[in-house]
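> As annotated by TrEMBL, active site applies to 275, 321, 376.
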Ligand SMILES: CC(=O)SCCNC(=O)CCNC(=O)[C@H](O)C(C)(C)COP(=O)(O)OP(=O)(O)OC[C@H]1O[C@@H](n2cnc3c(N)ncnc32)[C@H](O)[C@@H]1OP(=O)(O)O
Ligand SMILES: O=C([O-])CC(=O)C(=O)O
């Protein structure tokens, strides 16, 4: 029998802990950066202050997961039988351990998640009682928060566990959370968009995470949609540690709040329109643009429509980024999928035209640091193509993926014994004194 994920992580842990210990012992007092007052007032942009093992973002090249680019991951990670896109299970394994799992290990992980997928009745009841006009992300956050009741971490802490055990309970809670997300998400979907007239089918215990997500939503008969979801979930998992959902999960976890409460915090951050909700906003924007320009996708018509958005003081959703300064490789991976599977889709043609036109129009403003598209400018058109039309649901799918990245790091946080996070703040008056300014 090959090693399970938990065994693999546990086996590597002593060596990883030693690396950190040695690094800090020999170099702990070295200066790694300085900060300006503008950075303090500017959303901490560029301030190096976090440890995140799973992925590192380069502003020109984009994300690397444990040193591997997206094209490398697409080739190297195990696939479903007959599939061509990577299984998110493999990426979770890579993020947590730094190793590419074997096919057998990935199948074991799929089976483990499927086995943990049942929802407790109180969570089903809670979701069913939500008003249909409560945003699906708020419903998801409620359901994840409610799972706190079953947190093995919180129970063990209350009993008085040893610090050395933190990571094991965090691992168990994280695995349970990930496993339950497709059932939670699809229950919300059926309630809100099918008025509760349908319910999700049962999880197929011998199938993978993305298959079950698509199947429970009600689209299991569209094979290409399942392939898309394997890619989609893989691409949305992790984007180093400073983005809002990752940082929020990490911050709340640092107080030893359970993985349930920490993930809910991350999801609440993901729900903002400048972060994960941008996938919903982007598709809504495309539809408004289509209604405005009709069949006229000329450069002039699209330019005018973008200008009208910008001049009304709104952002162009799906464009720009706090760190990236090039087109997001996650956008490019989705574009490549679209070119292969839906090259003639009319909305994809609009997305492509926008890709050609928008950067120059954004540059006209003279303030946008990155005028190129990010992941959220492309995901919606793919979902629309396969019939998942309800844009208010899109960020829930993002969340079903982002959980994998932020929980992998949460397990590492507890395994490394990271302390409570508590940076220092000052008032404007105090900052002014520090830089010898008169107010
Ligand atoms: C998964 C993700 O979270 S990816 C990001 C998803 N979010 C979006 O796509 C929303 C649209 N984009 C944006 O709002 C921004 O580009 C962000 C939030 C992603 C990054 O924000 P920042 O790091 O502050 O960007 P930047 O330094 O380029 O901002 C400078 C100015 O350009 C503006 N700007 C940046 N992007 C855009 C855009 N797409 N449309 C219009 N204006 C923009 C900012 O609002 C800011 O204006 P201000 O000085 O008047 O406040
Ligand atoms: O990195 C960021 O700030 C936002 C982003 O693209 C993500 O979280 O996926």
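Any Cβ shown, glycine's included, is placed from N, Cα and C.
Automated prediction, rather than curation, is the source of TrEMBL annotations.
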> Rounded to the nearest angstrom, how far is the Cα of residue 321 (active site) from the Cα of residue 275 (active site)?
10
> How big is the Cα-to-Cα gap, in Å, between residue 376 (active site) and residue 321 (active site)?
11
> Once the chains shown are all counted, how many other Cβ atoms turn up within 10 Å of the Cβ of residue 275 (active site)?
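Its Cβ shell of radius 10 Å holds 19 other Cβ atoms.
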> Would you mind pulling the DSSP three-state label for residue 376 (active site)?
helix
> If I restrict to non-local contacts, at least six residues apart, and a C-beta distance under 8 angstroms, what lies near residue 321 (active site) in its own chain?
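Result: 328, 370, 372, 374.
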